[in-house]
């Protein structure tokens with residue numbers, strides 16, 4: 001390894017910055033372009049704000065595609081209706 005000038009900041013060391021700018025391409029070469037590209041493109045990790053999904057509007061026909069819940073008969077007591085045997 002070549003000695004690095006101690007007066008340079010770490011982000012200005014030779015080889016610390018890629019020669020080309022980052023782009024939106026997700027090919028294998030661009031995914032390994034730099035550490036930031038690898039994290040965002042290769043691993044898919046993004047800490048930015050997430051876009052809101054638009055809710056689907058209900059159809060204009062008024063159909064909900066759901067059957068109404070039928071009324072159930074009143075619940076029957078469980079167990080032996082005459083009581084426990086002794």
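First residue shown is number 1, and so on along the chain.
Yeah, the Cβs are placed from backbone N, Cα and C, and that goes for glycine too.
Keep in mind that this is a model prediction, so the values were computed, not measured.
The annotation N6-acetyllysine is assigned in Swiss-Prot to 28, 50, 51 on the grounds of sequence analysis. What Swiss-Prot lists as asymmetric dimethylarginine is 52, 53. For 1-21, 47-86, the entry in Swiss-Prot reads region 'Disordered'. Per Swiss-Prot, the feature region 'Cysteine-rich' maps to 22-37; the stated evidence is sequence analysis. Annotation comment: Swiss-Prot describes 49-86 as region 'Interaction with the host capping enzyme RNGTT', evidence class sequence analysis. The feature site 'Essential for Tat translocation through the endosomal membrane' is assigned by Swiss-Prot to 11.
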Practice task
Please name the residue among the modified residues 28, 51, 52 whose C-beta has the most neighbouring C-beta atoms within 10 angstroms.
Solution key: 28
Problem - Alpha-carbon spacing, residue 28 (N6-acetyllysine) to residue 11 (site 'Essential for Tat translocation through the endosomal membrane'), which is rounded to whole Å - result: 25
Handout entry: For residue 11 (site 'Essential for Tat translocation through the endosomal membrane'): DSSP state (helix, strand, coil)
Key = helix
